[in-house]
Amino acid sequence: MHSSSVLSPPNCSLLKRSHRNQIEKLSLAPLKNLRFCGLRNEILAFEFLKLNRCETQRVKNFLRNKIVSASVAENGNAPTSFDYDLVIIGAGVGGHGAALHAVEKGLKTAIIEGDVIGGTCVNRGCVPSKALLAVSGRMRELKNEHHLKALGIQVSGAGYDRQAVADHANNLASKIRNNLTNSLKALGVDILTGVGTITGPQRVKYGKVGFSGSEVTARDIIIATGSVPFVPRGIEVDGKTVITSDHALKLEFVPEWIAIVGSGYIGLEFSDVYTALGSEVTFIEALDQLMPGFDPEISKLAQRILVNPRKIDYHTGVFATKITPAKDGRPVVIELTDAKTKEVKDTLEVDAALIATGRAPFTNGLGLENINVLTQRGFIPVDEHMRVVDADGNLVPHLYCIGDANGKMMLAHAASAQGISVVEQVSGRDHVLNHLSIPAACFTHPEISMVGLTEPQAREQAEKEGFEISIAKTSFKANTKALAENEGEGLAKLIYRPDNGEILGVHIFGMHAADLIHEASNAIALGTSIQDIKFAVHAHPTLSEVLDELFKSAKVTSHDHRPLSESVAV
């Protein structure tokens, strides 16, 4: 194969108008906005060549060199050659997913990590929390005499070893962390240890804070630095009696009475763990209802099953404006302030308090000021392609941000999907991720899962755009497998357009809801209509038939079986 340096494009004057118009269809379509007319003409000319596969790679190399030259012409600080095709700052789930896909695409890749491989999810989030929830699930089964008796099982004296439970969570995190590290090394990804700082266009310095560090250059850079627990003002965290999820996952003690500030995913899951292990829980929620982020109908059902029968009480419409840790024999003191009047309403004294008020982006120290980027409430602004936007509203060339740091959707698998999308783009294929197709789950017992819009969101959109929505529901009580497990409590809800069969949202509360949601999320991602998916065959008897019955119960007026991407503007 010839060197790209000796590859010359054909004369641009040979191009026909039809070939120029094809720039809209090229994988290099973003280059149509280049101000360097000569470069644009050379790119267009290559379409005229009808290149074979081998020549295509030569074209890519040629274009890369041309783009670098253009970048240098625009910004003298940009490098003329690169140490890496791609450098990723942050080795969490998002950064790891991007790195693996980059290697698959043939990109020379490095990943910078100042903490530990795996980020929040593996070390202080999704992974260890699932270990604790596995224990809470078993404990609930063993303590539910009525349930066991119905199955003909007799068990007595169920108990647990706190340290062994904590070790299980820690060992799982360690195992997954090692797996991720080994996978990066095996694929040839360079792991650069230290804190990453952007020093200029396509330049990153890494090393220990306070030291000079080393600088590398990269054709493209992805910021994937994740997030940290958000702690509101007035709350003093001591890591022992007033804790965040980071501390709670270590399970250093199980309090008799714990207040959980916030009733979202994190608060709900920890309430499941603590009540299963014997604690009493008090929720403190700023909004007027528990679980405000879920579909209202699902929230009400979940409250009836996950909250009311358990040792849980709650205060809604109040802020925890001041929390003082336990000290010298005194309990944790929580000052509750009315969310509307701003007046102090009550005071609680508990053994411990868990702050589960969400997460904040970890974007300090990235050197964003060196590239004229201002964060918005800590989040890095990006467009739909995850390209970073500077303070003047312009795109920063070759710089992307994924995951919690951009705030679009603060889920580990969303970060990974965004990273893969970015790699597709830097590899020459235009790609936009549909965030409405990304599912979410809360791993309580039973579980909650969702994808797409809630009913209020769907009704708001329908009113704005002038279409009708319909609702379909099915119960787990009608499912053979759920009844065999004696787990009939549950509901699946479908929100859709009756005129064309578009799936707007699916919400599930019930046994293995987190696994069941993916049929719906994939349908949304692929633009599959209800008319088509209702013909899918499901094994019997399985829980998947809950979704089967849900889609079959929907009433669609149109019988058009074309993909939604062809039949409607989504």
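Yeah, the Cβs are placed from backbone N, Cα and C, and that goes for glycine too.
Worth saying up front: this structure is predicted, and the values here are computed from it rather than measured.
Copied over from TrEMBL, here are the features:
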DOMAIN    84-419  domain 'FAD/NAD(P)-binding'
DISULFID  Cys121-Cys126  disulfide bond
BINDING   Lys130, Gly196, Thr225, Gly226, Ser227, Asp404, Met410, Leu411, Ala412, His413  FAD binding site
BINDING   Gly262, Ser263, Gly264, Tyr265, Ile266, Gly267, Leu268, Glu269, Glu285, Gly358  NAD(+) binding site
DOMAIN    438-549  domain 'Pyridine nucleotide-disulphide oxidoreductase dimerisation'
ACT_SITE  His540  active site, proton acceptor
**Spatial neighbours of Ala412 (FAD binding site), counting only the recorded positions Gly264, Glu285, His540 and Cα distances within 10 Å** = none
**Message:** With the cut-off set at 10 Å between Cβ atoms, which of these binding-site residues ends up with the most neighbours? Options: Gly262, Gly264.
**Reply:** Gly262
**Request:** List the helix, strand and coil residue totals of the domain 'Pyridine nucleotide-disulphide oxidoreductase dimerisation' (438-549) as derived from DSSP.
**Result:** 42 helix, 29 strand, 41 coil
**Asked** How big is the gap, in Å, between the Cα of Ser227 (FAD binding site) and that of Cys121 (disulfide bond), rounded to a whole number?
**Response** 10
**Request:** Find, for the listed recorded positions Lys130, His540, the residue with the lowest Cβ contact count at a 10 Å cut-off, counting only other Cβ atoms.
**Result:** His540
**Under 8 Å by Cβ from Thr225 (FAD binding site), counting only residues of that chain that are 6 or more apart** = Ile89, Gly90, Gly196, Pro361, Phe362, Thr363, Leu366, Gly403, Ala405
**Lys130 (FAD binding site) and Ile266 (NAD(+) binding site), Cα-Cα, nearest whole angstrom** = 11
**Fill in**
Whole-number mean pLDDT, the domain 'Pyridine nucleotide-disulphide oxidoreductase dimerisation' (438-549), equals 97
**Prompt:** C-alpha of Glu285 (NAD(+) binding site) to C-alpha of Lys130 (FAD binding site): distance in Å?
**Reply:** 24
